Amino acid sequence: MAIYKSLTEADLLAFSTGLIAGVDEVGRGPLVGDVVTAAVILDPNKPISGLNDSKKLSEKRREALFDEICDKALCYHVGRASPAEIDELNILHATMLAMQRAVAGLNIAPELVLVDGNRSPIFVAHNGAELTSHSIIKGDGLIASISAASIIAKVTRDREMDVLDAAYPQYGFAKHKGYPTKAHFEAIAEHGVFDQYRKSFKPVKALLGL
């Protein structure tokens, strides 16, 4: 597996003329909830305008692109790792597991997997063969399929935080999305933690005296 600091869509021809799956994650930093990943294979005959790193898009634009990706992509799948798995494996290995689940869930086998960041797990096709994969630093702003994956993962996790907010409104999940903000720390200090918290993360461990 190679690591690339810069890559354009045209460069992909050097890797593959077949189907390419882009993979990205969201939710490594929060204290609560799953780490969520997505794998997306775009349809080259149905281009999507405005794809970019999900963090650089407004919520309204992300939501609109989410719907367009779901409608136009050849296939996509969301993979995740639970707080219990994060605590057992650590956040890095849990993220790699979630990425593997995202790719394994695609109903079309890609010939190449491109992952945002500086590392990638081993991906295996349904027939047991290892898939070719490359990691691309800042790939979510360079490669359309990775951008699409970042949007699918981000919108999926944000919606899940909104659901959690409805169940536990005293924590303010709709605003901070589970990240370690001052308001979140204050809510934890007042109300404690529940089973969706990542007990291996230092602020949660400190509160629990672990």
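Cβ from N, Cα, C; glycine included.
The candidate list D71, D87, D116, D158 contains one residue that Swiss-Prot assigns to the divalent metal cation site with D24, E25, namely D116. For the divalent metal cation site, the Cβ centre of D24, E25, D116 serves as reference, and the other residues of the chain with Cβ at most 8 Å from it are V23, V26, T37, A38, M99, V115, G117, G139, D140, I146, A149, S150, A153.
Take the CB of D116 (divalent metal cation binding site) and look out to 10 A: across all protein chains shown you find 26 other CB atoms. In sequence order, T37, A38, S54, V115, D116, G139, D140, I146, A149, S150, A153 are the residues near D24 (divalent metal cation binding site), counting only same-chain partners six or more apart with C-beta under 8 A.
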